[in-house]
Each structure stands twice: as C-alpha cells, then as structure tokens.
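Colleague: Below: one structure in structure tokens.
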C-alpha cells in the first residue's frame, strides 16, 4: 500500500479494487486523474495518464524521496519503477528493462526522459569525469533524436515516429559506463508526404526558423517553410515547439555528444538537399525527360559533394546489368523520375537518422571492458516504442506498428504469467490456472512462414511481372480465408465498411483494424536504384560515404535481392523480443485521457478503448488470480505490528512468520490468507483495507506516544548533559584557580632574595573568577615591596621620601621636571649657603615667630618673587610652618609682611612648564602668587615639586586631597591641588 495517500484519491493499486470490472477500473482511473494522481499501480506495473500540464512532482526533493525506497513506500510514481529496476540491477546483478507503451500522445517520450533523468540523478555520487560524460551524452541524445525522429501529428504535437530501445550499461558500482541505442521503423514516408494538419520531422522547421542567415545562405535555403513542397503541408500547422530554441538546443546537444563541426555541417547539408529535391521539376517532350532548372541541380550537387552531371544522370537514368554482364542505361519516364526522387529523399533521411544513432552509439558504447577487472557489466533497457494505432486510413506503417504491439503484448502476458507462476512455485503456493486471451494466433497470422501476411507480401514482391496491390490482396484472401482473425470485403460481402479490392481487416487483441492495401507492395519493396547509392558513396564528403557503404559495390556485383521492409522489421522485432525476454521487465502503460489535450477532460470511451487494447484489465485479473496482495513477512510485520498487542513494539516469537500469523489470527483473517515460504498472500482486498483502517486509527495515537517518549528522552538527555557540563565547568574552574595559585607561587617563591624583591616578575593572567583576588594580591605585593624598600631608608631621610612620594602622586604625568633627582632641604632661608647675608637675620626673626605663634616645624622656606595684580614683582621670603604661612621682606630684615593661617590655605596651583610660578589659594580670596626663584632660573633647582610634596604630605595626614586639572577653589575641610596647562 502506498503511503501518504488517502481513500479520497481512490485506490493506488488496481489490484485492490473490490470488483475487477471495466466500470470500477475506469472510475478509479478517472478519480485519480481528477485529483492530480496520474500514476497508479497494477502490482509492479505502472499506469500513467498524460496530465497535459506541468506537474510539480519531478524535482530534486521527489528524486530524494524515492531513492532507495521500496515500491509501495511512497505514492505511485515513475521514479519508483525506475528505482526498482535500478535496485534489481545493482543488488542482484540482474539485467532489467523498462517497457513504455501506449498510443501516440499518451506521454511515452516524456516518461522515458524522466526515467533517464532519475537514473542520471542517483548515479555517480563521486562525480567521476568519465561517468559524467556518459550521462551527459545519454541525456543529450534525447534532444537530438526528438528533433530528427519526432513530428507533429493530429494526435500529438511531439509524436515519436520511430521506435527506440536504449541499453544503459552499468559497472559493479552502479554507475553508467556506456550504452547502445536501437531504432525501429522510422516513418520515412513522412519525409515526402504528410496528412492534413500534420508536419514533417521537427528538424526541417528548426533549421529554417532557427538557422542563421549566413547558414541558410550557404545551404541555398529560405526561411519560409511554405516554399518547399515536402514541408509545405506543415508550414502553417500550429505546434507547441519553439523551433528557434529547438535548433539552438540541438546544436548544443550535438556538440556535447561529440559531433565535429564538419559532421554537423554534413547533417544540415542533407536536410537542405532533401528540401531542394522536393522542389525539383521534371519536363518531358514525349521522348526524353529533363530536369527543369539548372541552378537547382548545381545547388544540390554542391551540397551532396558530387558533380552536376553525375547527379543529373542518377535522377534521369537507371543503370542495369544484364545476365551476360553487359551494363546498359535505361532512361526514366517522368513518373519513374518522380518516384526515384521521392525514394532518394526518403533514403537520404533514413540513412542520416541511422548514421546519427550510430555516431551516438560510437560515443557511448562500452570499450575495453574486462569483467575480471571491473566486475559484471549489467544493463537497464528502456523501450519507448509506438503504441497501437487505428486511423481512418491505415497503411503499411500502421500494419507494422500494430504487429510490433502484438509481439510486445504477447511477451507482456507471458512474462506476467511467468512471474506469477514462478513466485507461487518459490513460495510453495498451489498455482491456479488463469484464462486469458492468447494473441499468438494473431502473431502467427502476420509472421508465420509461407502462410503469414508478411510472407505473402514478400512473395508478391518477388514475383516477376506486373503484380499489383490488388493481386496481392486476392492472394491473401485465398490463403487466409479460413483464419478467424482475418477478413476482407470479398470474404464478407455484406460488410460495407470495407471496399472491394482495397481493404482487409485484422481482429487484433486491441480491436479490429481495417487496412488499405494501396501502397503495401511499393513500401515493402522499398526500392532504391543502385545509381543513388553509388552517387552518394562517390561523394567528396566523408560523412556521406559512411552513410552509403553499399554504394561501393559495382553494378555487376549487386545480384542478391535485399530483404523487404516487412521482413527486416519482423527480424528486428523478433530480436528485440528475445532481448527483452532475457531481462527482468518493468512496465509503464501510458494512457491518453482525451483528444483535446485538455488537463481536465477525461474521455471515458477513449480511455476504455486504451485500457482494453493495453490488456490492463487482464493484467489485474492475472495479478489477483488467487491472491490480490502479497508481501514479505518482515515488511508486513513492520507495517501492521501495531494492530496487535503481542507484536508491538517487538515480538518474542520464534520468527516473523509466527508474528504475522498472530496478527492475522487476532483479526480473524486466517481463512483469507496463505503462508508462503517468505511471503504472506492475501486473497481479497477487503482484508487489507481492514488492516489499513485500523493502522490509520492507531498511527496518530502511536505518534503522540512516541513524541511524548522522545521528548522525555530528549529532556533527560539535555538534563544529563547540563549536569555533566556543570560538573566539568566546576572542575575546570577549580583547576584553573589552583593552577593560577601554583603559577604565582612558582614565580614569586624567591622574591625575598631578589635584588628588586620581585618587581620585575611578570604576573600570570588570572582566570575571570580571580580578577578581584588578583588585583588585591598585586596591591599586597606592591605594599610589601614598598615596605622592603622603605625599611632600609634612614629615619632622617624619611621626611624627604614622604614628600617626594606625595609629589610623585600629585604631579605624575602633569609636570615633566619637579626636582625628583636632587636633595630637598626644605628650609632654604636658614641655609647659609643659600643666603649668607640674610640667614642670621632670618634666624632671629624665626625664633621670635616660633615663640609668638608656637609652631613646631618649618615645612618650607625660601626666597621668591611676588607678582601682584598689576604685574609688578618684588623680592620676598616665603616661610611655611605647620600653623602659618609668612610672607617676609628680605630687604627690611625679613620683616613679616603677611601672616596667613595654614588652615586658611585651601589650595595650590602650579603650571606644567619649567617656570616656578605657584599660587596659594586662601579661604578669604587673598591669594598669593609667587615665583620660587629670584632672577634667572637655575638648572636642577626646581623647587615646585618640593613645595607641592611638602604641603601634600602635610595635608594628607590631616584631610583628604583632591587633584584637579584646572584651578579651582575649596573649603577649610579640603586641600585642592591643580595643575594649569
């Protein structure tokens, strides 16, 4: 049973019909067609209805869905049959074939293209160049063969007018390594004549409408098809083919296949020659016949690579060898010349088509294949051949085509019955005899030696004298009068649907077909004068010589009469049937739903006729004889095990057969089945539908249950994963912490013994969790390092060190030179070396101030220059103690000019340059602006840093400090230092 299709789409397999009747068969076929389901099975046979519209079921997603799947795992599809044939070939090393049949317009050509597309898509996964080349040639060959072998008919815009059988060779890996194409019975009569509303082969119109002006000029052609007699009938016929694009595609495909430019040119020279031949006119004066128009002869001889005289002679004369070896020339009558011209045109096209097929075979044939090295070479054959034809006027071509279908139908029935019988014997099931129509009697009517129609035709063709089609019909009437499947107007005088001496009728398996005997003998003889063969063999074009190898024989050597067209066709069909009989067959039966090419119209009568002559109803009966459905135990159990509690989800029985038997017994179907060695056989479709309905009911419940279990499993898996992640992360973090500690310990183990106490040791990068700890550790080390440095400094130098540290903190990156490298004396006024003339006076003043103001120490003293608001300066002395700031006048015995409480000082401003300018800010806005040196600045005597360091160190012990980049005010509770840039 095909998955994903409900009963609203009908039965996906005709074997499952409740009753096998034509009405139920057509109703199911029509329902599926209307629902867009164009494919339906009969067991392993695929029935395909032409949808006459584009179906979105052939993309890459569809190919992937059917690749490697069993036939019934997906809805019926052409890809499923293709995959089944490919798997049988690859797994069992079995040659297989896919036989596509149906009438013209049923979709056979499209089906063969989709089969080729699928096989190309699923092979060569390693993209081997040689395999890709073979695939490209096989795919592009379809385009070329369609152009030269297909034509528009009244029933089909792209009708194949030849039969095609393609063998695709595969290596042991299942990759295509080559192939071979056989063509059958090209309808060459179409070259010179078509029925009303039909066209000649596509290639002629593609050349005229798609060829460039330069190309047509070189071929002496015009663009208008109506100019040429052989294709004039189809010049105005509407068609879906875009001839311009078709010509471009053919030119590209010929290049891909490997045709050289000279060979492509030769192909179109022959097409042009045929068109020009059709326009040749013959003129007779009663005694001799001449060709009208010298220019036409010149153009034709140029295109064919022959001399004008030799070409003209081959059309007007026939060379004959007498019994004594004498060679004479016999002039043609005007009628014989026209007949010879038409025969020559048909032969040119037929030889061209066969040569193209041969060239493709040369490219894709398997060369130098050694089975010992490469394994067995297996084959998939694809047969796309004309279907049964019944026209208003049925001639020799329809007779051959219908004979071919009789042979294939005989093979179809025999193989289907053989498959059924073989399967029953393998499985140990008793075989039941099936009554079916055996069309061997019709095949014998056509091909039997000495008694068949082909033998009678050949005999008439070999008879010397004026043997006409009417004489041949009389011979058939006399020899076949007692045959139950043959009749004529002479044998059935009351049947007025036939004419005397014109019609005969054959009761084919697909229905009665009335044939017109007119033209049978001429088409069967298929005579072509040897003069034309020698003409083309002697051409200076190598491709033409290859097409006409029999022209190399001299006139006296050509003594054996060639086989007739009917005999040649019979031999090729017998060989084809023998080739198919040794392969495992897969069938695609194509049906044309209506004559209007409508995607919505389903013509019941038309489809019933096709179902009848394709033998589809008999096929269903054969398949259902005894048992309608069979499946291996493993696959049956896999599909229906949920319908029994003893087999779901797994059974504990000895074998799958026992489990299947349990399912059958549980539902009470034991009387409707039989157990084979490896398969279960179900007699009626109702049993299967009951199981399907119960399965369809249980599937949603099982899906929900499985979803619940699976989601729980996923949640538990995620939980375990998160726990594992957390454990791993914890262990890893602990390891990183310990590793950091170990590394720090290793690097700083001997810092006590280092000269710099570990200042130059590089700290390891800490993990993120230890960032704060790392910062604290670095701070601790720095403090310890500082302690180790400081404890070695004498107590007398500590005050200077503290001041320099304070200055460094305040002026770092703000002032380049601030006196760090020299000794700071602080009290420069008391230093005799600094001011020997005033030091004694200062000491006297200093003692008086200390007694009066009771300060304990001098923070800073020195000479300076005061600058007032009017930019006037004068020498002054600056004394800063721990309680007051004094401004002294050195010129008046260091008289105190101003005293400011140190608590009133709110800030200090200095510059970033080398000058010694300092501004002391007070709370009462009475600021002091001074320069710490008198006269010219002395090098290495910068005292700004000393003043800043001393004050900052002093105030650090009292109140917090603020360091600002610009001058600002403050309060008594704070001391602000700013550096003005």
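Counting starts with 1 at the first residue shown.
Even glycines carry a Cβ here, placed using N, Cα and C.
Automated prediction, rather than curation, is the source of TrEMBL annotations.
TrEMBL feature annotations, pasted as is:
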BINDING   102, 103, 104, 105, 106, 107, 108, 109  ATP binding site
DOMAIN    9-696  domain 'Myosin motor'
DOMAIN    813-981  domain 'TH1'
REGION    573-595  region 'Actin-binding'
Colleague: Near the region 'Actin-binding' (573-595), which same-chain residues lie under 8 Å Cβ to Cβ, leaving out any that are not at least 6 residues past its ends?
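Modeller: 29, 33, 42, 44-50, 52, 78, 81, 84-85, 88, 94-108, 111, 155, 165, 182, 184, 379, 381, 383, 387, 403-404, 407-408, 411-412, 415, 447, 601-603, 606-607, 610-611, 614, 616.
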Colleague: When a 10 Å sphere is centred on the Cβ of residue 109 (ATP binding site), how many other Cβ atoms does it contain?
Modeller: 23
Colleague: Including all protein chains displayed, how many Cβ atoms other than that of residue 102 (ATP binding site) lie within 10 Å of its Cβ?
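Modeller: Around residue 102 (ATP binding site), other Cβ atoms within 10 Å: 27.
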Colleague: Same chain, not part of 102, 103, 104, 105, 106, 107, 108, 109: whose C-beta falls within 8 angstroms of the C-beta centre of the ATP site? Give them in sequence order.
Modeller: 50, 156, 159, 387, 590, 592
Colleague: Far apart in sequence but close in space: which same-chain residues, 6 or more away, have a Cβ under 8 Å from residue 106 (ATP binding site)?
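Modeller: When sequence neighbours closer than 6 are ignored, residue 106 (ATP binding site) has 48, 50, 387, 590, 591, 592, 610 within Cβ distance under 8 Å.
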Colleague: For residue 107 (ATP binding site), just count the other CB atoms lying within 10 A of its CB, please.
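Modeller: Neighbour count, Cβ to Cβ under the 10 Å cut-off: 23.
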Colleague: Just how many other Cβ atoms lie inside 10 Å of the Cβ on residue 108 (ATP binding site)?
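Modeller: 27, counting other Cβ atoms within 10 Å of residue 108 (ATP binding site).
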Colleague: Validating a neighbour-count step here. Other CB atoms within 10 A of the CB of residue 104 (ATP binding site): how many?
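Modeller: Taking all protein chains shown, residue 104 (ATP binding site) has 22 Cβ neighbours within 10 Å.
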Colleague: Mind tallying the region 'Actin-binding' (573-595) by DSSP state, helix then strand then coil?
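Modeller: Helix (H, G, I), strand (E, B), coil: 9 helix, 8 strand, 6 coil.
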Colleague: CB neighbours of residue 105 (ATP binding site) within 10 A?
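Modeller: Its Cβ has 23 other Cβ atoms within 10 Å.
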Colleague: How does the model score the region 'Actin-binding' (573-595) in terms of mean pLDDT?
Modeller: 89
Colleague: So if I draw a 10 Å sphere around the Cβ of residue 103 (ATP binding site), how many other Cβ atoms end up inside it?
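Modeller: Here the count is 25.
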